Amino acid sequence: MAMVKVLAVFFFLIESCAIQQTSAAQNTDCPTEQLKVTALLLPPYVIHVNATTHQGIAYDFIKKGLERCFDHCQVGSVSWTFVNNTKDLVEIVTNKSTDIAFPITSYVEYELEKSEDWFSENHSDFVFEEMMESPGLSHVIHTENFNHKARMHIVSNLLEIWPIVVFCLLLAGTSGIFVWALEYRINRSQFPKNFFTGSYEGFWWAFVTMTTVGYGDKTPKSVCGRLFGVLWILIGLVIIAVFTAGATNSLNAGITYYESGIKGKHIGVLKYSEAGNVGVKNGAEISEYDNFKSMHKHLDEDKLDGLLIDRYEAAFLLDKWHRKDLRVLDTIDKEISYKMVRLYDRNTALGNNSCFQGRILRHTRLTQNLVNLYIKPIRAFNIAQHSVGIFSSTAPSTMITAAVFSGTFACLIILGSIYQLIYRRCGLSRRKTYNAEDEMINMHSLMLKELGESVKTLIEDLDKLRNKLHKLDAKELCEKKMNGHAANITIYSRSHENE
């Protein structure tokens, strides 16, 4: 009997110890007062649905963790506070008015670290814990506005090659004068002696030769002229190659504009986000906004070239806005961390609760399902499919240009038809009929005209030759006279010597 009493007392003591240990563990895992949680409204991480309902990747992750890990604690329901901007979030945390705050970006973390009391016993007032990561940033554009800017970029680049055009014309003019100077003496039928007419013909020959067309209506005849023609052909090849390369680069400037990303563009970013730093490093002109609504408005008004926002944010917002003219042009790979901060000296159970801490350590796997739930595939911008160039069939300028030229052509046809009708009715009695003989006469007259010019040139050459012959005859006559005088002087001197 005594043995039974001893055993009963022993088991009672063991059970009491177990109850005390369980109670102590529960006191460690459970908060001492109601949990206060502050969340920054940042879709898709924290989404405001209505006054009583919120959702989002980070919100669902934290809420489920608190419900599962602190359900056994008798401290009442969690108190949620939602803020619209980063400054309010920083103020609440620095005032230590909350137990948990999220999502914490790198800027918020920096601001909170600046406010820490480094002379406290723990040297840290806040504990930052990884909650989830985003794969990078997306460059969102308004396709119509962006395509218009790309077309204007092409036009401006085409206008910038005007020095090459001027250079070509000046060289052609200079070359025309040179070939005229080399040819007008022996080839006046094609390069007249008159400077203005001859230089004009020379310019025509130089320009046609430079463009490698070569009509053959003007050709140098002299050796020097042909040597210069060979040199000019080589120079013309280089000039036209430079012009063609410049024009090609200008027409390809649209593709370069699309592929250059955010460099040199005016980009809107969310204030205090990682996108601002990334945009500056990539050479973009940055404008910061407090919310997505104002960014969206300025993008529609063409005050921005694009938006640089988190990839998950971009995918969520594009799906929410239901706008086909908003697409993702390109992405920037940069892991962006979103953290949760808890206060070191408030409700230490948050750090001691193995269930809650275990979920934080497994955040990558646990948030992935939430990402798949909230994030839809993005609408990407395909250059081949969505870009609209200068000569694209969908470009408004193409349709306007086609309409103008079609109208001009139609007007010319109508005017020509009217002229022909009036000419037939009013000038029928005076009109002379032409037949094959008349055509032959016209052809012969043109040939005679060209022959006359050739004869004229030949006569001028003969006159020059006759003048040269006259000069030679006069020179010979002078030489004979001089020789005669010399002979007389010699005879006279000899006669005196004989005497």
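These residue numbers are counts, starting from 1, taken along the chain as shown.
From the backbone N, Cα and C atoms, a Cβ is placed for every residue, glycine too.
Just so you know, TrEMBL annotations are computer predictions that nobody has curated.
Positions annotated as signal peptide by TrEMBL: 1-24.
Outside the transmembrane segment (161-182), and at least 6 residues removed from its termini, the chain residues within Cβ reach (under 8 Å) are 191, 195, 198-207, 210, 220, 222, 224-225, 228-229, 232, 235, 239-240, 242-243, 246-247, 250. If you look up TrEMBL, you'll see 161-182 (among others) marked as transmembrane segment.
Here TrEMBL flags 179-246 as domain 'Potassium channel'. Taking DSSP states H, G and I as helix and E and B as strand, the domain 'Potassium channel' (179-246) has 45 helix, 0 strand, 23 coil.
The transmembrane segment annotation in TrEMBL covers 227-247 (among others).
Counting same-chain residues at least six beyond the ends of the transmembrane segment (399-422), none has a Cβ under 8 angstroms from any Cβ of the stretch. Annotation comment: TrEMBL describes 399-422 (among others) as transmembrane segment.
Summarising the annotation, TrEMBL assigns coiled coil to 448-475. Within the model, the coiled coil (448-475) carries an average pLDDT of 79.
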Cβ contacts under 8 Å made by the coiled coil (448-475) with residues that lie 6+ beyond its boundaries:
188-189
What same-chain residues lie close to the transmembrane segment (227-247): Cβ under 8 Å, and 6 or more beyond its ends?
158, 161, 164-165, 167-168, 171, 175, 178-179, 182, 206, 209-212, 219-220
